[in-house]
Amino acid sequence: MASGVAVSDGVIKVFNDMKVRKSSTPEEVKKRKKAVLFCLSEDKKNIILEEGKEILVGDVGQTVDDPYATFVKMLPDKDCRYALYDATYETKESKKEDLVFIFWAPECAPLKSKMIYASSKDAIKKKLTGIKHELQANCYEEVKDRCTLAEKLGGSAVISLEGKPL
């Protein structure tokens, strides 16, 4: 069921910037987004970038010690969100980076919000082409343990996430 909600150009631009890892200067790398939240506009007609809800690559190791824990704290208690998280992880063979699409729908979110976000999920996923991993979570218990995300990224082959052993 489609909701008729449109995906803003800003969302697509952020996604493309996060997806493309072209050779960049160290300053450009620092400005790249590590994690972002997307929300519905006030009129509920567009999916937009949520102001101030982002982690930059340059913040990691500076103002952000653990980007995954910081990301989890950005999720609202009582409303839904979409998110993109640029996961850095290690398997037994190599280090990897992958974008993860996250649909956050906490159980205490208003029913109308859950319905609009759920019915708009396909619209945003169609615009974010090439995402290999998706995580849907309905409570903090499902996201606060980094093993949940590691499971989506590669199961038991993943040995660390964001430099923290599992």
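Cβ coordinates come from backbone N, Cα and C, glycine included.
Quantities reported herein were computed from a predicted structural model and do not represent experimental measurements.
Of the given residue ranges 30-34, 110-114, 130-134, Swiss-Prot assigns the label motif 'Nuclear localization signal' to 30-34.
Sequence-distant contacts of the motif 'Nuclear localization signal' (30-34) (same chain, at least 6 residues past either end, Cβ-Cβ under 8 Å): 14, 17-18, 24, 54-60, 67, 71, 84-86.
For the domain 'ADF-H' (4-153), the number of residues in each DSSP class (helix H, G, I; strand E, B; coil) is 58 helix, 49 strand, 43 coil. Mapped onto three states, the DSSP output places Ser3 (phosphoserine) in coil.
The modified residues shown are Tyr68, Lys73, Tyr140, Ser156; of these, the one with its CA atom nearest the CA of Ser41 (phosphoserine) is Lys73. Counting every protein chain shown, the Cβ of Ser8 (phosphoserine) has 16 other Cβ atoms within 10 Å. Of the recorded residues, Lys144 (N6-acetyllysine) and Tyr68 (phosphotyrosine) place their C-alpha atoms 8 Å from one another.
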